[in-house]
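Taken from Swiss-Prot as is:
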- 265-368: domain 'PH' (DOMAIN)
- 380-564: domain 'Rho-GAP' (DOMAIN)
- Arg409: site 'Arginine finger' (SITE)
- 569-588: region 'Disordered' (REGION)
- 607-666: region 'Disordered' (REGION)
- 616-627: compositional bias 'Polar residues' (COMPBIAS)
- 680-770: region 'Disordered' (REGION)
- 716-732: compositional bias 'Basic and acidic residues' (COMPBIAS)
- 783-802: region 'Disordered' (REGION)
Amino acid sequence: MGHPPLEFSDCYLDSPDFRERLKCYEQELERTNKFIKDVIKDGNALISAMRNYSSAVQKFSQTLQSFQFDFIGDTLTDDEINIAESFKEFAELLNEVENERMMMVHNASDLLIKPLENFRKEQIGFTKERKKKFEKDGERFYSLLDRHLHLSSKKKESQLQEADLQVDKERHNFFESSLDYVYQIQEVQESKKFNIVEPVLAFLHSLFISNSLTVELTQDFLPYKQQLQLSLQNTRNHFSSTREEMEELKKRMKEAPQTCKLPGQPTIEGYLYTQEKWALGISWVKYYCQYEKETKTLTMTPMEQKPGAKQGPLDLTLKYCVRRKTESIDKRFCFDIETNERPGTITLQALSEANRRLWMEAMDGKEPIYHSPITKQQEMELNEVGFKFVRKCINIIETKGIKTEGLYRTVGSNIQVQKLLNAFFDPKCPGDVDFHNSDWDIKTITSSLKFYLRNLSEPVMTYRLHKELVSAAKSDNLDYRLGAIHSLVYKLPEKNREMLELLIRHLVNVCEHSKENLMTPSNMGVIFGPTLMRAQEDTVAAMMNIKFQNIVVEILIEHFGKIYLGPPEESAAPPVPPPRVTARRHKPITISKRLLRERTVFYTSSLDESEDEIQHQTPNGTITSSIEPPKPPQHPKLPIQRSGETDPGRKSPSRPILDGKLEPCPEVDVGKLVSRLQDGGTKITPKATNGPMPGSGPTKTPSFHIKRPAPRPLAHHKEGDADSFSKVRPPGEKPTIIRPPVRPPDPPCRAATPQKPEPKPDIVAGNAGEITSSVVASRTRFFETASRKTGSSQGRLPGDES
């Protein structure tokens with residue numbers, strides 16, 4: 001509800017109606033004063049909460065950054081390196097977000113609190129002082145008027161004239177106070193519209209700018225998040241594969257602990273008790289014994305040290321070993337040995353009957369050799385029947401089930417697998433099995449193929465080359481990694497290399513249908529790494545290298561065409577691709593090392609500065625405003641480039657070949673587009689940088705046209721200059737994961753007709769005089785372009801983009 005204006009003429013009359021209207025203004029002024037106090041109070045609470053929140057986030061990021069992953073083994077995979085660096089990347093991202101927020105919080109008091117407090121104290125407080133003066137002068141005037149009216153007419157003329165002058169003077173003072181008070185209260189009533197709203201607007205502007213920077217960082221984070229999710233999934237797959245092998249190893253160790261021997265360790269070792277004869281009788285002394293069969297050396301370390309004497313290990317050379325007859329001694333599990341260093345016989349006591357058998361077997365004792373309690377499955381050979389079996393399995397899989405989801409991952413029935421293998425490898429009629437029979441489904445055939453390969457007497461990639469292949473996969477030099485594996489493949493025996501080529505060619509065909517069967521090279525590596533490669537010893541250390549076996553198979557699949565194109569060049573060292581300026585090494589994915597964005601200038605200027613429009617002299621001599629009206633944000637389409645050669649480091653054969661047509665895609669697919677951009681996608685054309693490509697969806701114009709913060713500084717380029725828009729990488733080079741210099745495309749609209757872009761206002765000499773020069777218009781333009789650096793447009797027309 002509006003208030004009637006206070007006329008200056010009413011100040012002289014000072015009527016009851018005037019006083020009533022003035023009282024309404026005073027009540028509104030008091031309500032405004034209370035409102036400003038509440039805004040200041042709640043604003044301080046909000047700023048304090050934001051500061052506390054930012055401090056908590058920074059403390060959280062410090063906690064993340066302080067943690068360092070430890071690992072088992074001597075080398076991490078590429079995916080594990082990405083995971084190990086992830087907390088540091090998270091902390092850097094959180095710190096960047098909170099640094100922007102703290103800048104906004106630091107300026108919030110100057111933007112919101114101080115202007116409101118100044119208005120309340122200076123304007124409203126000054127109005128209250130005017131009110132006090134008005135009331136004081138009015139009280140004095142009416143009091144004097146009452147006394148003046150009670151003067152008797154019989155007073156002297158000089159006294160009456162003096163009294164009249166005094167009343168006129170007080171009336172004049174009261175009238176001036178009334179005019180000043182009415183002017184001031186109406187001025188505050190009108191000026192509060194912008195003096196209160198402008199600080200809140202500036203505060204919201206800085207708040208939304210900070211939020212928009214958070215949105216930009218979220219877009220930067222999207223491709224990193226998807227790459228890290230892929231690394232996490234790959235690592236989880238490696239873990240599942242390793243866990244299965246570790247469980248099998250633990251199971252075997254429970255059944256026969258002595259069957260697993262580490263390389264470089266003694267043939268057998270453990271605790272034995274030795275019979276020692278003394279003058280006062282016989283004692284049994286505990287020793288830790290280690291026996292090396294090749295040199296027949298028995299090392300005995302005493303466990304019970306005699307007081308005052310430090311005994312070291314004793315090395316003895318074994319001559320022979322024989323089991324002690326049970327009736328000849330009252331102790332169990334005993335056997336005798338004879339050595340070159342000691343005369344006579346040494347009687348040893350094992351811990352159990354099984355333990356004595358193992359010691360005697362290792363020492364070639366005069367007792368029947370007891371075999372290991374583990375009964376191995378019947379080993380299969382890499383012969384003609386095996387090749388025939390593998391070819392038949394591959395043919396039926398590629399004919400009937402290559403698009404089956406989870407191919408090779410889904411396990412078939414063990415009964416059916418054994419039935420198929422027994423029928424095919426029957427010595428009476430080997431290979432006489434009809435794979436088209438309905439009894440053999442795809443899961444049974446794939447499981448049978450894996451079972452055959454795992455139970456070969458020697459793995460396809462041999463024990464001899466196992467360490468070299470794992471060592472090559474551990475290298476951080478991607479070129480050496482590929483070259484070394486290429487060289488080692490041609491060191492395999494002929495039939496092994498033929499079988500490996502047959503299998504890898506089949507796996508490449510499977511991966512080409514990964515959209516249907518979901519089996520990527522990484523997934524196939526997890527399945528066939530332990531199948532084609534196997535350490536000779538069953539140890540935990542060997543199990544921890546399974547993930548590198550998976551990487552070897554993954555590289556064979558991804559670079560099948562290069563590896564099997566021919567043997568590498570003859571040289572002492574493994575061949576590597578053509579030399580580069582710097583070696584192409586794996587680098588962990590990162591978002592913290594990208595280019596710094598141009599920092600947005602928050603609104604911190606005084607209101608007086610905003611009233612003057614920034615003007616400059618154009619080349620034709622016309623004075624124009626350098627502040628442009630706001631333009632709706634245009635989101636350019638994300639360009640995709642195609643390199644001439646594929647990346648030999650990570651390219652999947654199942655990746656579809658992109659054409660030059662850029663299709664619209666939703667926001668969730670941005671990470672895929674970015675990864676294609678970095679791995680090599682479609683080539684940039686000038687049309688792609690100047691406007692939407694044919695077939696692309698219409699640009700979605702937001703309903704709220706807020707100016708987004710300027711992107712990270714780029715090299716100046718003209719429209720249509722593709723080279724300045726995207727730098728072409730050398731073939732195969734893998735950059736760090738950074739966000740491309742343009743915004744990702746918006747989701748396409750449902751409407752078929754494209755929206756017409758709003759025309760740019762061209763400010764030229766002919767219409768320069770039509771620009772509104774009012775204070776309101778200048779302030780409006782100032783706030784709409786508060787994030788623009790005013791100095792960047794000097795020396796050119798506002799509409800010039802070149």
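Keep in mind that glycine also has a Cβ here, set from the backbone N, Cα and C atoms.
The residues of the domain 'PH' (265-368), classed with DSSP into helix (H, G, I), strand (E, B) and coil, number 13 helix, 50 strand, 41 coil. Spatially close to Arg409 (site 'Arginine finger') yet at least six residues away along the chain are Met519, Asn523, Ile527, judged by Cβ distances under 8 angstroms. According to DSSP, Arg409 (site 'Arginine finger') sits in a coil region rather than a helix or strand. The average pLDDT computed for the domain 'Rho-GAP' (380-564) is 90.
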